[in-house]
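Data block below; observations after.
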Amino acid sequence: MRILEKAPAKINLSLDVRHKRPDGYHEVEMVMTTIDLADRVELTELAEDKVTVSSHNRFVPDDQRNLAYQAAMLMKERYGIKKGVSIFITKVIPVAAGLAGGSSDAAAVFRGLNRLWDLKLSMNELAELGAEIGSDVSFCVHGGTALATGRGEKIRHIETPPHCWVVLAKPTIGVSTAEVYKQLKVDEIEHPDVQGMIAAIEEKNFQKMCDKLGNVLESVTLNMHPEVAMIKNQMKRFGADAVLMSGSGPTVFGLVQYESKVQRIYNGLRGFCDQVYAVRMIGEQNELD
């Protein structure tokens, strides 16, 4: 039997870090939303009791470093499954981009194996499993738009943001999330208005949503990687209504209210950046084709 799941990327409309916790994690408040840039995760049942992961993309790990592998092993062990599964990931989301590609692949494995092995687990139960392997996995199980708190595993769903386009550009650099958090001075940063962002979304107020964009990690990454700042500036110059870095970077996204401006921004960025995408925000997982 074979199951196919889509694994959409996410962007952070608001990302705040409150403090470092005794367990070593950071206490965060994030407004996240899924976009229609998605990997495809194909699950094929194996009679042999093993988990394999493969991809056409050589940068995708095929062992326990891959969150998709961890998700499958966790479900096998937790529910005593003696069968195996082959996982093939068709990567569309850029790797190590601040778009939760690995977390979304893992979430897709949880959803897919729930069907493949007929476990009848609820989405909330799958999200709780997700929290055991990664902070973003819980959100990715559900998708849509949500406020994430704690270390990112506590999810409260909110309204879908007002209608707009999202243009993304990823420079050809890697960013160490651990290093970004290490450099972050929580007591000295200006914290974004997370509640204001939620209000803007619920009011379907595009301009207010643009005004409330914020990411406390952005200034750290911009200092470490000036090319990210260059992409931000160019995206604004080409006409994006608002621009922000997603997660710890290096991907930058621009919100664009009118479709007529999207192609110009896309073409302008493609002049110097290979990985550029024009997409939409989506609601729950079932809104994906």
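Using N, Cα and C of the backbone, Cβ positions are placed for all residues, glycine too.
Note that the structure is a prediction, hence the values are computed from the model and not measured.
Pulled from Swiss-Prot, these are the features on record:
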type     : residues                                                                         : note
ACT_SITE : Lys10                                                                            : active site
ACT_SITE : Asp136                                                                           : active site
BINDING  : Pro94, Val95, Ala96, Ala97, Gly98, Leu99, Ala100, Gly101, Gly102, Ser103, Ser104 : ATP binding site
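Where Swiss-Prot records a feature, it is marked here on the structure.
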residue	record	Cβ neighbours (10 Å)
Lys10	active site	29
Pro94	ATP binding site	22
Ala96	ATP binding site	18
Gly98	ATP binding site	29
Ala100	ATP binding site	29
Gly102	ATP binding site	27
Ser104	ATP binding site	30
Asp136	active site	27
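Here Lys10 (active site) is compared against the binding-site residues Gly98, Ala100, Gly102, Ser104, and the shortest C-alpha distance is to Ala100. The shortest Cα-Cα distance between Asp136 (active site) and any of the binding-site residues Pro94, Ala96, Gly98, Ala100, Gly102 is the one to Ala100. The record gives Pro94, Val95, Ala96, Ala97, Gly98, Leu99, Ala100, Gly101, Gly102, Ser103, Ser104 for ATP. Within 8 Å of the mean position of their Cβ atoms, the other Cβ atoms in that chain belong to Ala9, Ile93.
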